[in-house]
Amino acid sequence: MLTAILVMVGIAVVIGLVLGWSAIRFKVEGNPLAEKIDAILPQTQCGQCGFPGCRPYAEAIAKGEADINQCPPGGEEGVKKLAELLGVEPKSLDETHGTPKPKSVAFIDEQICIGCTLCIQACPVDAISGAAKQMHTIIAAECTGCELCLPPCPVDCISMVPLAEDLPHWKWKHPVIELKRVA
Amino acid sequence: MSRELFRFKGGVHPPEHKSESSTHPIHAAPLPRKLVIPLRQHIGQAAKPVVNVGDRVLKGQMIGAADGYISAAVHASSSGVVTAIGLQPVPHISGLPDLCITLETDGRDEWIDHAPLDYRTMAPAELRMQLRDMGLTGLGGAVFPSAVKLDPGTAHHCPTLILNGGECEPWITCDDALMRHHADEILQGVAVMRHLLGSTEILVGIEDNKPEAIAAMQAAAQKVDFAVEVVAVPTIYPGGGAKQMIETLTGKQVPSGKLSTDIGIQVFNVGTAHALARAVHHGEPLISRLVTVTGHVLRRQNFGVLIGTPMHTLITLAGDRDGTTGVLMGGPMMGVPMPNLEVPVVKATNCILVQSNELFPPLPKALPCIRCTRCADVCPAELQPQELFRFAKAGDFGHAQEYHLFDCIECGGCSYVCPSHIPLVDFYRYAKSEIWAREKEKRAADLARERHEFRQFRLEREKKEKAEKLAAKAQAARAQAAQDQTRRAELAAAPAAEGAAPSDADAKKALIAAALARAQAKKAELAPKNTDQLSPDTRREIEEIEARRAKILEQARQPLDTQEKN
């Protein structure tokens, strides 16, 4: 009887030690769920969700402080993916945070630009090059189309240009096949 | 003599329709008035235009330079004047225009200076650059820049070189015609390939429905100083696919996601070998190719065509007929419909197939997939087309990739046998392009995340640096003040009690006093100096003025005073 109790206690102690050690040794830094959510978000960094960037929004979702339908650039598909990841029912996009728009990039009219650097300070991804009293220009390949540079411009020289479809960006469409009606 | 051949899985036997065009001699298409030469004719980066509107160019002159490693130059196909550089319709299923150079030909067809290359003495890298600048690309269909394929690299070794004369698609006979009439030149090109790749075994695979081509190639093989084995392979579609040809000839399968060079084999189309021979032995860039014009036309035949010739001129040449329902570039299995007939012949154009309802009856309406797996039986890539179809239709691209969607060669065998007439390949193409687009989006998102994080880090760092700078400045000022204080104390010496360390407030006060003193000194220095040495007259004058001024001031003050008193 006593031996049995001792053996059980011994096993409990050993397992407890192993678990305690591994909890310290294999401690996960940061929030892995927020990482996964951040990977789904489109990284536009537009702040339309009400958070200052995609990462803070991801962390808020992970903590349960924000809903999954606040990201217009991610669109319905993004909401669906988030719902899948989090195991919740997908819902439609919250219109109060904006509606999805076709992918665009900002364009600076260089004739009007006065070189005030306000847009450079507003750009979340440093995609505007220029300096004080020098002409600014958008690095189109790095522009996420967040529109954050539009409000600070004092001369309204920035416009959003939707990306036109050209050969390198052309996609095959989902084939539409007319099914024959049977019976 | 006879080599052991292997049978790849699947394949179909569509009606061949080869004899209609292969029995006629090759005709040179006349020089058109206008040539439209797209800058993107190959896989990889589009060429960059190097001429301006209004320039006169000669035949064979480079008008678009290769941009990057995987790219190829484009050339003027004839002499003339550049009339436009801009968007023009190109032979692409989307119907979207692309950047093209338009030439108005002058009819003189005047060649630019060109000379053969001494490929044996040239450094291989230099030779490859030359070939890239001569616009050499594969002419079998994929249009991959040949210079890249001719680089064995350090990791790859290509003991086996396969020349693909399969031409398995129905209707097309341009490779057949080329082998019949230019077998010697094809093997000259092979000699250059052999030189660059260091291959020891050279195989020429030709489907056995082309006995004349086999005979011509065998005769040519007798004349060269290296061993070439011309092998007749069974006629099964898609036996002319590179991977299928490799398997038929060697029994080896190219592993999924790998290249044939990973198993020591490189494959070239016979047309590519011919173009290479023209480039090396005649110094001619790739400006023309053989094109089969067939289907619903009066005279089905092969034409030697300059790149940039509008397709409708070829169809007119072959005799267009009423009842044309459409035009495919390529064969009936893999060809793509052309948006209009203004589009030019490009390096990829092996065939112009004119359709009519008699020859190509429209497909009956599709029925639902009944999962009969006939498509799986014929799939030469050993895939499960019915599953891929299900995933592609549902947008489940992850699963489609797990089922090796990217091993699909889009041969069309599955669509051909499908009893429900489902356009299966369209779904695979859709899924592939959707996956590519998503990968591109993912890369863009990763870049944006990285840049955003770096910006946050930079702002944080700048804030910290600013704070540090300010702190250091304040520290320096304090140290300076303390130093001043001690020095003053030393100068004032004795009276000040020693040991009483100057407090911070004292130091500040001293600093202010010192600043005041400095300012006063400066003011004194700046004061006008013309009052120092004055003549008595001037002095008297000044005194008078001062007295008057005082009097006025006195008077001015008086009424004010009285007012105040009231």
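Glycine is treated like the rest: Cβ placed from N, Cα and C.
These come from TrEMBL:
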{"type": "REGION", "residues": "B:1-27", "note": "region 'Disordered'"}
{"type": "DOMAIN", "residues": "B:360-389", "note": "domain '4Fe-4S ferredoxin-type'"}
{"type": "BINDING", "residues": "B:Cys369, B:Cys372, B:Cys375, B:Cys418", "note": "[4Fe-4S] cluster 1 binding site"}
{"type": "BINDING", "residues": "B:Cys379, B:Cys408, B:Cys411, B:Cys414", "note": "[4Fe-4S] cluster 2 binding site"}
{"type": "DOMAIN", "residues": "B:399-428", "note": "domain '4Fe-4S ferredoxin-type'"}
{"type": "REGION", "residues": "B:477-504", "note": "region 'Disordered'"}
{"type": "COMPBIAS", "residues": "B:491-504", "note": "compositional bias 'Low complexity'"}
{"type": "REGION", "residues": "B:522-546", "note": "region 'Disordered'"}
{"type": "COMPBIAS", "residues": "B:537-546", "note": "compositional bias 'Basic and acidic residues'"}
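Mapped onto this structure are the features recorded in TrEMBL.
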{"residue": "B:Cys369", "record": "[4Fe-4S] cluster 1 binding site", "Cβ contacts under 8 Å, 6 or more apart": "B:Gln386, B:Phe389, B:Arg390, B:Ser420, B:Ile422"}
{"residue": "B:Cys372", "record": "[4Fe-4S] cluster 1 binding site", "Cβ contacts under 8 Å, 6 or more apart": "B:Pro419"}
{"residue": "B:Cys375", "record": "[4Fe-4S] cluster 1 binding site", "Cβ contacts under 8 Å, 6 or more apart": "B:Pro385, B:Gln386, B:Phe389, B:Gly413, B:Cys414, B:Ser415, B:Val417, B:Cys418, B:Leu424"}
{"residue": "B:Cys379", "record": "[4Fe-4S] cluster 2 binding site", "Cβ contacts under 8 Å, 6 or more apart": "B:Lys9, B:Gly10, B:Pro385, B:Gly413, B:Cys414"}
{"residue": "B:Cys408", "record": "[4Fe-4S] cluster 2 binding site", "Cβ contacts under 8 Å, 6 or more apart": "B:Ala381, B:Leu383, B:Pro385, B:Leu388, B:Val425, B:Tyr428, B:Lys432"}
{"residue": "B:Cys411", "record": "[4Fe-4S] cluster 2 binding site", "Cβ contacts under 8 Å, 6 or more apart": "B:Tyr237, B:Pro238, B:Gly241, B:Met333, B:Met334, B:Pro380, B:Val425"}
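Listed in chain order, the residues near the [4Fe-4S] cluster 2 site other than B:Cys379, B:Cys408, B:Cys411, B:Cys414 are B:Gly10, B:Cys375, B:Val378, B:Pro380, B:Ala381, B:Leu383, B:Pro385, B:Ile409, B:Glu410, B:Gly412, B:Gly413, B:Leu424, B:Val425, B:Tyr428, each with its Cβ within 8 Å of the site Cβ centroid.
Take the CB of B:Cys414 ([4Fe-4S] cluster 2 binding site) and look out to 10 A: across all protein chains shown you find 30 other CB atoms. In three-state terms derived from DSSP, B:Cys418 ([4Fe-4S] cluster 1 binding site) belongs to neither a helical nor a strand segment and is classed as coil. As a summary of secondary structure, the region 'Disordered' (B:1-27) carries 4 helix, 2 strand, 21 coil according to DSSP.
Mean per-residue pLDDT, taken over the domain '4Fe-4S ferredoxin-type' (B:399-428), amounts to 95.
Annotated [4Fe-4S] cluster 1 site B:Cys369, B:Cys372, B:Cys375, B:Cys418; additional same-chain residues within 8 Å of its Cβ mean position, judged by their own Cβ, are B:Ile370, B:Arg371, B:Thr373, B:Arg374, B:Pro385, B:Gln386, B:Phe389, B:Cys414, B:Val417, B:Pro419, B:Ser420, B:Ile422, B:Leu424.
For B:Cys418 ([4Fe-4S] cluster 1 binding site), the number of other Cβ atoms no farther than 10 Å from its own Cβ, over all displayed protein chains, is 23.
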